[in-house]
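Feature annotation from Swiss-Prot assigns topological domain 'Cytoplasmic' to 1-178, 223-258, 377-395, 912-955, 1019-1043; the stated evidence is sequence analysis. Among the features that Swiss-Prot reports, transmembrane segment is placed at 179-199, 202-222, 259-279, 356-376, 396-416, 824-844, 846-866, 891-911, 956-976, 998-1018. Taken from Swiss-Prot, the feature active site, 4-aspartylphosphate intermediate covers Asp460, and the record attributes it to similarity to another entry. Marked as Mg(2+) binding site by Swiss-Prot: Asp761, Asp765. Look at Swiss-Prot and you will find 1023-1043 tagged as region 'Disordered'.
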Amino acid sequence: MSFIRKKSMEFLKSFEVPAKNPSEEAQRRWRDAVGTLVKNRRRRFRMVPDLDKRSQAETQRRKIQEKLRVALFVQKAALQFIDAVRKTEHPLPELARQCGFSVSAEELASIVRGHDTKSLRFHNGVDGIARKVAVSLADGVKSDDAGLRAEVYGANQYTEKPPRTFWMFLWDASQDMTLLLLAFCAAVSVAIGLATEGWPSGMYDGVGIMLTILLVVMITAASDYKQSLQFRDLDKEKKKIDVQVTRDGYRQKVSIYDIVVGDIVHLSIGDQVPADGLFIDGYSFVVDESNLSGESEPVHVSTANRFLLGGTKVQDGSARMLVTAVGMRTEWGNLMETLSQGGEDETPLQVKLNGVATIIGKIGLAFAVLTFTVLMARFLLGKAGAPGGLLRWRMVDALAVLNFFAVAVTIIVVAVPEGLPLAVTLSLAFAMKKLMQERALVRHLSACETMGSASCICTDKTGTLTTNHMVVEKIWASGAAQTMSNAKGFDQLTSSMSETFAKVLLEGVFHCSGSEVVRGKDGRHTIMGTPTETAILEFGLAVEKRARIEHTGAGKLKVEPFNSVKKTMAVVIASPSAGGRPRAFLKGASEVVLSRCSLVLDGTGNVEKLTDAKAKRVASAIDAFACEALRTLCLAYQDVDGGGGDIPGEGYTLIAVFGIKDPLRPGVREAVATCHAAGINVRMVTGDNINTAKAIARECGILTDDGIAIEGPEFRNKDPDQMREIIPKIQVMARSLPLDKHTLVTNLRGMFNEVVAVTGDGTNDAPALHEADIGLAMGIAGTEVAKENADVIIMDDNFSTIINVAKWGRSVYINIQKFVQFQLTVNVVALMVNFISASFTGSAPLTIVQLLWVNLIMDTLGALALATEPPNDAMMKRPPVGRGDNFITKVMWRNIVGQSIYQLVVLGVLLLRGKSLLQINGPQADSLLNTFVFNTFVFCQVFNEVNSREMEKINVFSGIFSSWIFSAVVGVTAGFQVIMVELLGTFANTVHLSGKLWLTSVLIGSVGLVIGAILKCIPVESGSDASDRHDGYRPIPTGPSAV
């Protein structure tokens, strides 16, 4: 036994793949290990990517990148190389002319795709192109014209593989080799039956098999098609991206698929360029073209290099872009068509269960051969003793041998559990659909599965733990702090500051901002930007209204956008309050800005020296704000000489300190407590002031008395030994850089073997999201770069949603364990019953039709019932599954072995002594007994299915009616069993059972519930592991030892 177990473990090592980015070698290894023992390759590997097609797609991608590389670095020959023809004229289509356009779609596309500066100059630059596509660079496209533009220049859609129809799934399900063999046997059986027994009795057996095969194929295809619809809906959600455009003179959001040629698109850090286009204006604009060209060097886009390619990512700065080509006229469109051939990687659990299915299939094949051998041996021995011996064969004998072969094939149908890996897909599809309703979009199948094992969550603060609805609660200005939560506070502030101070303050608020105030169609002001910027701009609008001072527009001479590394943003404007002279404004993290200030502006507008004493008072105000859980930002300015130089690094004059309130989300404290109860450590990683971070962390229960709060600079200066000592205690990391988050995640996974989930929203979070076991991007605040590198998108940016993902992840894992336990029990009993009966009686009690029905119960219907059970709160009261834990636990083996022994003993006794025990007599005694055995076997499985809902708890009926799918499947199974026995006897080889025998069958099956309860009282492990739970989770210790 130990030898078999050892060999099985060695074999299953081939089926170990990482959850993220598995190598091609690992993927090919498990495919090779599966071998030829597969009933239906089309269905079993439908969700498994074709590695050869993926390789071809990668080759095509490299070709596209090579062409673009030529376009970027050999611009003179770019168009000739890309189009493989000499430059030709692009005739203007009549439709375009009639619509008022004077340039063709092909010519527009070739300008950007080939970086053709000569053609751009020929068309008089961006302004000339704008005129030829009939658009104003200020007002943008008219919404009423969008449909016409899509008709002339094309829609921003990419060619995708057509969705699979139901008939395709029906075809896949019918390609099962064992079912095809059975269909052949059924056809031969009909032919022989008609020849020997005549019409219609001679056709019953064969037609019964055919009808059952048809039923199996239909139900399988329907289940698979339903899954495909769910995945299709999820895929549509994944591709939803909104971009900001100017249309009808107003800024607004539209879907990336609604972009048309002529649109004016606004781009900022982290955005994906939605189509090919030309740079209009912007600041410090840098894009990453590596996914198209393969070159890692960032590209600076400006008036000197205006070409923007769809699919590239904005790395820095902001800009406006004129769209010139969309959809399949862009290289990104061609690349997307190629990449769609690759498919998604299979999950580790799917691969592992392919290994389990292969082992069980080999055992089943051996039993099928043994059963056929035993049946044939007994038949030949009986025939040898009959008159004529082995030399005399009749049609009846041929029919008997054919039946033996069909029984053996049917055993293989039952024994090879191809439903195991497919059940994972079913469970994941169900979970992903439910999570979508709960505002979590799972981008990768494996993430949902892995999240169930998460032992640590590294979360942002802003927007995740807090509401992200920010307001300026307090302000330090003119040497004093003011509360701004009501009208009185604003009145006190405006009355204490001079007009000079107010103008400088408002200039800084409105011009040193990555957001902007725009007027909507209804005439109301709308702020487009981040919540932090929105809070400050709303404060500025309120001050303007009360002080009756309007800020004056000013041209921006230079801009340094905010990023999470510098923690500041800066701008140089031609300041109206300084007579049009250049003035630099600096805004950002309080400590950073304050350290670069040497002067301070008082309430009268005079500049004073920022002495050490004054600096300490400002720092005290910042600390006081932070201790009240307020985010703090400083605003400063400096008059500069000239307009084209660098933004000053120091020597600024401090204007004000803002204390911004971002309230804790409702339910966050309870969600954090749920994490702790589930054995999941929560760590806050934020760029905020450490006092702000500590206050919020204490409020939501993350920071405890024995936990550590550390700042990023201190953390990154630790050596590996110090990190090994301190990381387990870290609960808060403040003033951190994205690199610090990446380092923390890497060490948690490497040093401590933790399964780490990480939240992120910025472009610079991409490395940490990629490194983590589960990357969680914010759907509202997150950039497109962050979302692309994430495994799950939290649509509402809510920490409680992350807990739902973890709960559903655990549910998937446990549900598959339940299904495996149920299916293995059915497998063992079905194989042993037919083998033992063949050995002792020379016939198989379970006929072909009956075995196919059993296969349907344990495969498709069993997966539907058990793999779609919703999660319960008890799942979050146990620590997570470890990386190295066995999927099939000792508790599962206990239940499988116990139930199998009970069923085998009962069915064995019935087969050998059933007639006398049940007092069955008469000419139909054998048929009656076989029907009773079949009926009892099915009801044993029905009650075992109920038993499998809980692998450890005795109460298996808890929440059974909340799982309507489970209840429906059990009801349908029982109902169809009645129909098979009472109405389809001719085809199913059954006879009518009396009420007494029906009751006896059900009672024997229900005793399985009692057996299950007794088994759950039997301890399966000793020592510290004795408390391991049914699903691989260990219960949390209680009492003094839990501390």
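Glycine too: its Cβ is placed from the backbone N, Cα and C atoms.
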Give residue numbers and ranges for long-range contacts of the topological domain 'Cytoplasmic' (223-258): same chain, 6 or more residues beyond its ends, CB-CB under 8 A.
43, 46, 138-143, 146, 155-157, 163-164, 166, 169, 172-173, 264-266, 271-272, 274, 320, 422, 425-426, 429-430, 432-433, 436, 441-443, 516, 518-521, 526, 528, 784, 860, 863-864
Could you round the CA separation between Asp765 (Mg(2+) binding site) and the residue listed as 'active site, 4-aspartylphosphate intermediate' to a whole angstrom and send it over?
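Counting only the Cα atoms, the answer is 11 Å.
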Does the transmembrane segment (846-866) reach the transmembrane segment (356-376), going by 3 or more CB pairs under 8 Å (6 or more apart in sequence)?
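No, since the transmembrane segment (846-866) and the transmembrane segment (356-376) share fewer than 3 Cβ pairs closer than 8 Å, they do not count as touching.
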Taking contact to mean three or more C-beta pairs under 8 angstroms, with sequence separation of 6 or more, is the transmembrane segment (356-376) in contact with the transmembrane segment (891-911)?
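No, since the transmembrane segment (356-376) and the transmembrane segment (891-911) share fewer than 3 Cβ pairs closer than 8 Å, they do not count as touching.
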Would you say the transmembrane segment (956-976) and the transmembrane segment (891-911) are touching, if the rule is that at least three C-beta pairs must lie under 8 angstroms and be 6 or more residues apart?
no
Given the recorded positions Asp460, Asp761, Asp765, which one's Cβ is surrounded by the fewest other Cβ atoms within 10 Å?
Asp460
Checking distant contacts: for the transmembrane segment (998-1018), what same-chain residues at least six beyond its ends satisfy Cβ-Cβ under 8 A?
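Cβ under 8 Å, 6 or more out: 894-895, 898-899, 902-903, 906, 918, 932, 935-936, 938-944, 946-947, 952-954, 956.
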In the topological domain 'Cytoplasmic' (223-258), how many residues does DSSP assign to helix, to strand and to coil?
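The composition, in the requested order, is 19 helix, 12 strand, 5 coil.
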Grab the same-chain neighbours of the topological domain 'Cytoplasmic' (912-955) for me: Cβ-Cβ under 8 Å, and only residues 6 or more beyond its ends, written as numbers and ranges.
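Same-chain contacts beyond the ends: 817-819, 821-822, 825-826, 829-830, 833, 840, 845-847, 850, 853-854, 857-858, 862, 865-866, 869, 891-892, 895, 899, 903, 906, 966, 969-970, 973-974, 977, 981, 985, 989-991, 993, 997-998, 1000-1002, 1004-1006, 1008-1009, 1012-1013, 1016-1017, 1029-1031.
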Could you round the CA separation between the residue listed as 'active site, 4-aspartylphosphate intermediate' and Asp761 (Mg(2+) binding site) to a whole angstrom and send it over?
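Checking the Cα atoms of the residue listed as 'active site, 4-aspartylphosphate intermediate' and Asp761 (Mg(2+) binding site) gives a distance of 9 Å.
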Three-state secondary structure of Asp765 (Mg(2+) binding site) from DSSP?
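DSSP assigns Asp765 (Mg(2+) binding site) to helix.
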Given the model, what does the mean pLDDT over the topological domain 'Cytoplasmic' (377-395) come out as?
71
Counting by DSSP secondary structure, give me helix, strand and coil numbers for the topological domain 'Cytoplasmic' (912-955).
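Each residue of the topological domain 'Cytoplasmic' (912-955) counted once, the result is 30 helix, 0 strand, 14 coil.
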